[in-house]
Amino acid sequence: MPGTQRCLCCFKYLMFGFNLIFWLGGCGLFGVGVWLSFTQAEFSSLPLSFPSLSAANLLLVAGGITMVTGFLGCLGALKEQRCLLITFFGILLVLVVTEVTLALVVHIFHDEMDARAQRDLKEGMEAYVSNPELKKSWDFVQKKFKCCGATNKTDWYGVLNGTLPGSCCSVEAADCDEGWSEPCYQKAKQWLLDNIPSVLVFGCCIGVVQILALIFSMMMYCHIRHAEKNLD
């Protein structure tokens, strides 16, 4: 077997292996997103800026795109088609650049995003009385996290005429006076941070695989092109 063919065969199986791992990683991210969506179903009436809901949606989108991209890479490696390989390379490059950009945006505008999310939650609280599903979600959140209000328990005063909902107290009652002092946004955010480290480590591993898949796809593309020129 000529040297070029041996190299091409090597790159083919290496790229297939990396993309299989990449695809499985996408399945994992999507699965975690589905798990979060089901376990936090009681929060579904809250604004999407609520930490666990936004994390679930992000993981579902990222996992879905990763699965499709990984499948395309596996197919391109097996078929040895330059068109599929360059398409895979382009999509994966856009995906990597988007991930890096999002990470930088979250890091730089962290405080602004927090403030906006809390403002959305406070605005959503105004429908607590008129929206039974929203009321159910807020009551569940406050009981689960032992918290009260989005940023402070005083958030309820303007909504409930200076009173607190019964779910703000350890024993739910119509005349809840004191209520828990901790805000729900911070408690939910902390709960998410406590449960997300393994997902972040997994995401970093997927990032390394993405970089290697980019390198191998371009090298395989070049070898296929070189082999086709030699045949001509």
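Note that Cβ sites are derived from N, Cα and C of the backbone, with glycine treated the same way.
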* From the list Cys147, Cys148, which cysteine is recorded by TrEMBL as disulfide-linked to Cys168? -> Cys148
* Structure fact -> Within the same chain, the residues at least 6 apart in sequence whose Cβ is under 8 angstroms from that of Cys148 (disulfide bond) are Gln142, Trp156, Leu164, Cys168, Gly179, Trp180, Ser181, Glu182, Pro183, Cys184
